[in-house]
Structure formats: C-alpha cells, structure tokens
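Structure, as structure tokens:
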Amino acid sequence: MQEVFNTKIQKRIIFAKGKQNEFVIHAKDVSGLSWIELAERVGIHRRTLSDWRRERYTISESGLDKICEIAKIKRPLDLTTRDAFWYTSIGGKIAGRSNFKKYGRVGGDPEKRKKAWAKWWDETGKFNPPRNCCPKEIKIPKEDERLAEFIGIMLGDGGMTKTQVRVTLNSKTDAEYVKFVQNLIKTLFDVEPSLQIVESRTTTDVIVSRVKLVAFCESIGLKVGSKLKNGSDIPKWINKNDAFKMNCIRGLFDTDGCIFGERHKIKNKTYEYPRWAFVSASEYLLQSTFTILRELDFSPKIRNNRSVQLESRADIIRYFEVIGTSNLKHRNRFNRILFKS
C-alpha cells in the first residue's frame, strides 16, 4: 500500500497514558469504518493503526489531523508535539550511564575495540585504502613541443591551486580552442579534463583535479597561486631549442594574444596597420617573450609595459607561417586584418 504519510520523519504527538488508545477507538467508532477501512483512508498500514491504538508508537502529527478529518472530530486538547527521534537523546543518556556503570567509562572496553580494529585492518582495511588518501596517477610526458605549448597556455590563461590545474577561456570566441586544450591535456597526461561553463562571465574552465599533475607542473617550472605575485616566468628548459621556444610562444599568444588594426590618420587619409600583441601584467613574462622573439629573428617592441607586439606586416606573416596558431579565432582575424591592410 502506498502510504500518504512518512510517519518516521514527521513530528510526533504525545498523549497522556491511555488517552491515545481512547482517541483512536473513539475516532474509529464515530467514523463507522472498520479498522482496515480507517487505515486505508488515513493512508497507513493497518498494523501501524493497530500500533497507535495499543500505544506502541506515538501518532504522527499529520496522521492525527487526518483521523480527525475523517471522523469529523476536534483535535484533542493538552497534547504535546515533539520532533521526530526526540527519544534518542534520552536513550543515549540511559545507554551512557549503563556503560559507565558497567565499564567505568563511556564507549565500552577499549582493549576489545583495539583488537577488533586490528583484526579488521589485517583482513580488510590495509587492502582497501580510502580513495582520498591515494592520489590518482598521471602519465609523465617528456620535454617536447607539446609540453612546451602547454607551458605557454598555462602561463597565459592557466592557473593552479594545490590540487587543481585550470585553464580559463572565452566560451564563445575560444569554443574550438577549448577542445584543443582539452585534447592536449588528455594526450600529455592521460587524464580527461572536465569543463565548467560560467555563463555570467562567458568563460569555460578546462579543469583537472589531480595533485600529481600539480606536482609535475611545479617540477617543470609552473607555480601555484597568482602568476603576478609569485613572479611566474618561462622555464629555463624551454630555451633548450627553437622548437620549444616557438611552441611556448604559440601557447602564450593563443591565450593572451590579440591581433588588431592600428589606425593612423595622415593628411586626412586613414591608414590601418596590423599589430600582433601578447598582453600581460607580468614584467618577467613580457621580457622573456620579447627576448625569445628576438632570438627567433623577429623585431618585437614592448608597449606601455603591458604588451609585446609585432608591428611589421612581414613579421606578422612570418609568425603565422613559422610559429602558427592553434586558436582558430586568431587565424580568422589575421586573415581579415591582412586582407584589409
């Protein structure tokens, strides 16, 4: 039978001794129903109604109201309403006193508990350690071009806590790039990143919660916390060869880069020049990016201590030919700016 009331979690009605029995019998007689019919109308099992009549259990508040409604009688006076399980604190105190009287302490025999725990540990516990005490493994990649690009991405739009690696991208303009970053992380570390979309900020976070990944990232030169405050910079191993440098720079520009047309008006005529800029508040990152671009035979300029820019058409074209981009929005905008210029 489907019960209308969950009598286990509702408030309970406390009658004076013998009065609950009188109330249930009176309600049954006035209603003209049989015990089975009354139980069905209330929405409870007939055994529950029998237990209420014998005062084996207290009546639930909703059960009392339903019986009064069916029998068309008023709710009895001088009743006490208590929360469900009100009796557990009383039972706990009684059990506590009993244990103290028996053992001279609360909690039973400590030696017995110790032996039981040792038996459980030897037979079961040590073979099933808690999941949260065993960090999940990751694949440790070698130093290569893909890892260098990951470093650039993390130094751009990435961040780390003690337990989590996160890359925050624009949900709309970086939609395809989100997939690239997700696949890159999966390929490098053999873990499946999760995506968290924050509509209020139009962002998508690519997230991996692995303490071993954080530890590995720290070992290759990334830092936990604010990149600006902790002085994050391009790791020294990136300078081992030009391929590492180019891939790291690609990751930086793909995340914190922008391509735009800078306009100048000369003799009433407007000219627009393409600019390819990496923007950062970090003095270290700006200087390292500037240095690497120089080493790769580009002619960068630092503007307003906030960006490193390639300002010649030839430099920008060569950048996209030699270093390239993994972010489709930059490639599309480059084609539009180049076509206009």
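From the backbone N, Cα and C atoms, a Cβ is placed for every residue, glycine too.
Heads up, TrEMBL stuff is auto-annotated, nobody curated it.
These features come from TrEMBL:
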DOMAIN    37-79  domain 'HTH cro/C1-type'
DOMAIN    150-298  domain 'DOD-type homing endonuclease'
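Over the domain 'HTH cro/C1-type' (37-79) the predicted model carries a mean pLDDT of 89.
Helix, strand and coil counts under DSSP for the domain 'DOD-type homing endonuclease' (150-298) come to 68 helix, 41 strand, 40 coil.
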